[in-house]
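Asker: Below you will find the structure I want to go over with you.
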Amino acid sequence: MLVTTHLFTPGPTHMPEAVRRAIDVPLQDHRAPDFHKLVLPLQEDLKKIFRTESGEILLFAGSGTSGWDASLANCLSPGDKVLTASYGHFSDLWIAMCKQHKLEVEVIEGAWGEAAPIAEYAKRLAADTNHEIKAVLVCHNETATGVTSDVAALRAAMDKVNHSALLMVDGVSSIGALEFRMDDWGVDLAVCGSQKGFMMPTGLCILGVSQKALKASEVAENPRGFFDFKGLLNQYKGGYFPYTPATTLLHGLAQSCLMILEEGLDNVHARQFRLAEGVRRAVQAWGLELCSRRPEVHSDTVTAILVPEGFDSNDVLKTAYNDYNLSLAAGLSKVAGKVFRIGHMGAVDELMLLGALATTEMVLNDVGINVTLGSGVVAAQKYYRESKQAEPQKAVA
Ligand SMILES: Cc1ncc(COP(=O)(O)O)c(C=O)c1O
């Protein structure tokens, strides 16, 4: 009997029961006189989670990818120069999209497993005395390698040379789970989707947009079609949409925001760190290596694990899925076959992760990677016990 497929991918993530129930509501008229009562408080809650008071949080039907599209289409014109770095699958995909938008893309070659090379960004920004670079792009949490980058340091590098470019940040696998400070970090475009830190089904693109980015969108000349900020904002400021919104998902998102804010952002970040650290201790006990090269850059939402030379990580994934109903995530592009990933973002707790780690140990042995059964579980158990807070947080429902 298939109980359920145990989902440990870094998006979609576990959907809490309370979110599932919030979505399970009758459909409604999105032009009804009281519809704004759902949308306006949701906008305010999202601002708290993005930590912005001055920016707007826009919602489109879509996913993270459409957030990249919307940012580029609204705020830049063909031929504009952007500065970005390549250090993982998702930073590369955004670069490819910049090219589709006919932007001139200056790419810093980074290393997979390393964070965004801030010193190199700083050098290029300092050299750009005429401010030809119109936007600086960075992927905050590279989900493919399990690496988090320092957005505050990038902002500091921009400020140091008084650079006028927009700062566009992919926060798809960070916002709602990892520390993210849109206003403090001077982020002009913050891109997110609903199926990761927000513990929701895919289907919403959630965008933080600064006033500076909104001004840029008034002069940019790219066709933006569905994703037109201005077209949305006309009605959205009053709590309505110019098209038919995904009403049931909005209910779910309101519930997930409530849960995140009730737990408290700092508590969420601390919980994410603690859960991730248990996974990292397990990997160490197995004698395996992380794809992320330094503790300072390890992601607290996803752990990418290298399989030893001569093994194919796809065998780990297949065995996990076929024999144990466990969904782990694949290695992508450059690290395909070399890496498997454990997602631990959103509605997860120690019990769930210990189950995933125990099962992963069986899988690894099944495919011939001989780790001592129980070694990772014990390492994680020890860490979870040692680091248990005096007053445990309310469990995620
Ligand atoms: C960092 C990052 N950016 C962008 C995306 C693309 O988002 P989506 O799959 O929601 O379109 C993903 C998806 O995993 C991601 O992890």
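Glycine is no exception: its Cβ is also placed from the backbone N, Cα and C atoms.
Curation plays no part in TrEMBL annotations; they are all automatic predictions.
As annotated in TrEMBL:
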- ARG341: substrate binding site (BINDING)
- 30-332: domain 'Aminotransferase class V' (DOMAIN)
- LYS196: N6-(pyridoxal phosphate)lysine (MOD_RES)
Asker: How long is the line from the C-alpha of the residue listed as 'substrate binding site' to the C-alpha of LYS196 (N6-(pyridoxal phosphate)lysine), rounded to the nearest angstrom?
Answerer: 14
Asker: Would you mind checking how many other C-beta atoms are within 10 angstroms of the C-beta on ARG341 (substrate binding site)?
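Answerer: I get 26 for this one.
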Asker: Helix, strand or coil: which one is ARG341 (substrate binding site) in, per DSSP?
Answerer: strand
Asker: Which state, by DSSP, holds the residue listed as 'N6-(pyridoxal phosphate)lysine': helix, strand or coil?
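Answerer: Where the residue listed as 'N6-(pyridoxal phosphate)lysine' sits, the three-state DSSP reduction gives coil.
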Asker: Once the chains shown are all counted, how many other Cβ atoms turn up within 10 Å of the Cβ of the residue listed as 'N6-(pyridoxal phosphate)lysine'?
Answerer: 29
